Amino acid sequence: MSGSAGTYIPGFGNHVSTEAVAGTLPVGRNSPQRPAFGLYAEQLSGTAFTAPRHENRRSWLYRLRPSAEHPPFTKYEGAPQFARATTSDPLAPNRLRWDPLPQRAGADLVDGITTMLVNRDPADLEGVALHIYAANRNMERRVFVNADGELLFVPQEGRLELLTELGRVVVAPGQIASVPRGVRFRALLPDGAARGYALENQGAMFRLPDLGPIGANGLANPRDFETPVAWFEDRDEPFEVIQKYMGVLWRTELHHSPLDVVAWHGNLAPWRYDLAHFNTINTVSFDHPDPSIFTVLTSPSDVPGRANADFVIFPPRWMVAEDTFRPPWFHRNIMSEAMGLITGAYDAKADGFQPGGLSLHNLLAGHGPDKASWDAATKAELKPHRLSGTMAFMLESCWPYRPTLFASESAQPDYDACWADFPKAQLP
Ligand SMILES: [Fe+2]
């Protein structure tokens, strides 16, 4: 093995050049006639060749063996709750919520993934899927690769060490990490077990949102994203490759580790980001702004302003608004909202929404504060107040989500009850 763990290059989407062995990165060209030491040059693209320059993402990899060398894939029969189908029933307009999922003995990151929500066929190259992972075993001699989308990991308990083709990324609760579509990786669990969310973006790659009148700075700043330096392992022993491809898991076996990229350059790469660096912007006068002010990353659809996916957080912050109902208001949105809780309590739901849990408010579902939160917020004396020790996220999508069969059967039975018993307004 070579390259150092924990070494990162700051910046978002930058053109990076990095080599784990001196002299392995070609100079002045991408594909020399004879790369150094007999390495194989390979381009991995994240956008079409002809995508506009400011959106074009690709990297050149210099590796011990070409990725093309592999036997046929066959169906993978493990991971009993990963990538499973939705029901063919009509999508009901119900609000749904789930408790955290238990660990299953001996599950690594792949076998420990449960797919909860999906909203487009991966072949559409649009949509998102929301998975929850609960893992307690390292991936030692197998790697995973997702051909269906970019994976955004949101740890809730325990760190993940993602050993990827392009470097090593350690991500802890409170941080997020992205592995681009097509990048192979295996996951170690430095804390013995880990739980969290894996958000799969099948559409345009996540990018930082435009800031409009906010200006040149604010929200997630590019300098706080971290891309790993080149790292590889030289292991000639059997490795299983699990690939998610068009919503189904496949497997094949190699006689070596495919994490054998000695050097790479380009702007398609994994990264991590610490949510504590998010520059939170909110009202200093009245009214709760639209939650789009909390957007960390966006994946645009083909309709301007209508996101395939927005990754939004609800971080610790000061509440100072005057003459205002301070928690999120009641709403019915055209966008569909899946929410997870990383730590603490969410300010619109005092009970029933636990860290590691999940809720779904699909297109036009009426929702907002529960009765207890509404009671407290309407009676509170509005002094400056700091919300601390909390971090929730929302994966908002223009495509309504469909729960998987497992999710349909495991939802809390009484979620609607949190909006029962509101007193009727009394006209004069
Ligand atoms: Fe909402």
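Backbone N, Cα and C define each Cβ position, glycine as well.
According to TrEMBL, the features are:
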ACT_SITE  H288  active site, proton acceptor
BINDING   H331, E337  Fe cation binding site
BINDING   Y346, H367  homogentisate binding site
DOMAIN    7-275  domain 'Homogentisate 1,2-dioxygenase N-terminal'
DOMAIN    277-424  domain 'Homogentisate 1,2-dioxygenase C-terminal'
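Between E337 (Fe cation binding site) and H367 (homogentisate binding site), the C-alpha separation comes to 11 Å. Here the residue listed as 'active site, proton acceptor' is positioned 15 angstrom away from Y346 (homogentisate binding site), judged by their C-alpha atoms. Each of the recorded positions H288, H367 was scored by the other Cβ atoms within 10 Å of its Cβ; the lowest score goes to H288. Per-residue pLDDT, averaged along the domain 'Homogentisate 1,2-dioxygenase C-terminal' (277-424), amounts to 94 for this model. Counting in whole angstrom, H367 (homogentisate binding site) lies 16 from the residue listed as 'active site, proton acceptor' by their C-alpha atoms.
The sparsest Cβ neighbourhood within 10 Å, among the listed binding-site residues (H331, Y346), is found at H331. Cα-Cα distance from H331 (Fe cation binding site) to the residue listed as 'active site, proton acceptor': 12 Å (rounded to the nearest whole number).
Packing around E337 (Fe cation binding site) is summarised by its Cβ count: 22 other Cβ atoms lie within 10 angstroms of its Cβ, all protein chains included.
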